[in-house]
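One structure below.
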Amino acid sequence: MTHVLRARRLLTEEGWLDDHQLRIADGVIAAIEPIPVSVTERDAELLCPAYIDTHVHGGAGVDVMDDAPDVLDKLAMHKAREGVGSWLPTTVTAPLSTIHAALKRIAQRCQRGGPGAQVLGSYLEGPYFTPQNKGAHPPELFRELEIAELDQLIAVSQHTLRVVALAPEKEGALQAIRHLKQQNVRVMLGHSAATWQQTRAAFDAGADGLVHCYNGMTGLHHREPGMVGAGLTDKRAWLELIADGHHVHPAAMSLCCCCAKERIVLITDAMQAAGMPDGRYTLCGEEVQMHGGVVRTASGGLAGSTLSVDAAVRNMVELTGVTPAEAIHMASLHPARMLGVDGVLGSLKPGKRASVVALDSGLHVQQIWIQGQLASF
């Protein structure tokens, strides 16, 4: 089946094309071509690659860790509403048996498919952290790194485990990083008190970047650059960024752009309160409170976010001054490259999957097509 989507402006990796159309065949972009002069209708103001959210714990009142049959479908529809065409359900620190169960459910969803945004695999955030910058993760459940245990996680996930987060100062971390990379698993560094030197050693071992840059890690000091300094200055490192203006000050967001504009991966780190009213929710098994859209633990620490990807894109434009094209790439092309799926996702290009979002001039989501099919909200 072939159909055409026409836009006043269409975003490619190279930039905007005015008055162009996508020709889509069997869920794949077959061609990008000028709209015939005789055709005046447009399907969208802006056609862009659908967003990829690589770090999602929950939303719409549900959590990835919930053992219920419709949780991932509900979350996938929630993500599609914010312009996300594909995503990684993300686990949290919990008993190993609970993590295994979540990874199995995610693997099953990958295999069977379903409504909404496509599930690309899983992201393991915890239990391989250290206590100093634990965030909302319960330190009593932190575990040591063992190759056999990592292999078991990969096996339980039926090889759908895409990302493992860990603290690079843990014993055995460098060996674990090398092993995970051999298994084609990405490694992100976070919830850690690592030094600049320890972080650089982890990048040398193959680690891919930082978990929500600035949050849950050693900050930048002029005599001890810490994890943030290592990430900002190492061109090998992808930098996850929660661009809600609460987790990271706009000036620090701008600094990230100055140092690493081509390496920023916009994430939501969203938890079950995303898209919901203020009130009490749970994260990592603990009660948290959302007020004014900001979620905090009982001790006052930030506990995940309620951010949407489309809002993150708008925030980057408004708060840091990057162009709309640059911000959109941070939420599409960059995460695709980080995951190694940029051959099929992340930009509008012939041969890639037709994962497409229509935006208005204010970068608000109007419609989304996932593998060429219009998603209904």
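Including glycine, each Cβ sits where the backbone N, Cα and C put it.
Taken straight from Swiss-Prot:
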{"type": "BINDING", "residues": "GLU125, HIS191, HIS212", "note": "divalent metal cation binding site"}
{"type": "BINDING", "residues": "ALA136, HIS137, ASN215, GLY216, ARG223, ASP244, GLY245, HIS246, HIS247, LEU302, ALA303, GLY304", "note": "substrate binding site"}
{"type": "ACT_SITE", "residues": "ASP269", "note": "active site, proton donor/acceptor"}
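Positions of the features from Swiss-Prot, shown on the structure.
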{"residue": "GLU125", "record": "divalent metal cation binding site", "DSSP (3 states)": "strand"}
{"residue": "ALA136", "record": "substrate binding site", "DSSP (3 states)": "coil"}
{"residue": "HIS191", "record": "divalent metal cation binding site", "DSSP (3 states)": "coil"}
{"residue": "HIS212", "record": "divalent metal cation binding site", "DSSP (3 states)": "coil"}
{"residue": "ARG223", "record": "substrate binding site", "DSSP (3 states)": "coil"}
{"residue": "GLY245", "record": "substrate binding site", "DSSP (3 states)": "coil"}
{"residue": "ASP269", "record": "active site, proton donor/acceptor", "DSSP (3 states)": "coil"}
{"residue": "ALA303", "record": "substrate binding site", "DSSP (3 states)": "coil"}
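For HIS191 (divalent metal cation binding site), the same-chain residues 6+ apart in sequence whose C-beta sits under 8 angstroms from its C-beta are GLU125, GLY126, PHE129, THR130, ASN133, LYS134, GLY135, HIS137, ALA165, ALA167, VAL211, GLY216, MET217.
The two recorded residues ASN215 (substrate binding site) and ASP269 (active site, proton donor/acceptor) have their Cα atoms spaced 11 Å from each other. On its own chain, HIS247 (substrate binding site) has HIS212, TYR214, ASN215, ASP269, LEU302, SER305 as residues at least 6 apart in sequence with a Cβ closer than 8 Å to its own Cβ. Cβ contacts within 10 Å of ASP269 (active site, proton donor/acceptor), excluding its own Cβ and spanning all protein chains shown: 27. Within 10 Å of its Cβ, the residue among the binding-site residues ALA136, ALA303 with the fewest other Cβ atoms is ALA136. Within 8 A of the CB centroid of the divalent metal cation site residues GLU125, HIS191, HIS212, the other residues of that chain are HIS55, GLY126, PHE129, GLY135, HIS137, ALA165, MET188, GLY190, VAL211, ASN215, GLY216, ASP269. Comparing local CB density within 10 A for the binding-site residues ASN215, ARG223, the maximum falls on ASN215. Within 10 Å of the C-beta of HIS212 (divalent metal cation binding site) there are 27 other C-beta atoms, taking all protein chains into account. On its own chain, GLY245 (substrate binding site) has MET253, ASN315, LEU319 as residues at least 6 apart in sequence with a Cβ closer than 8 Å to its own Cβ.
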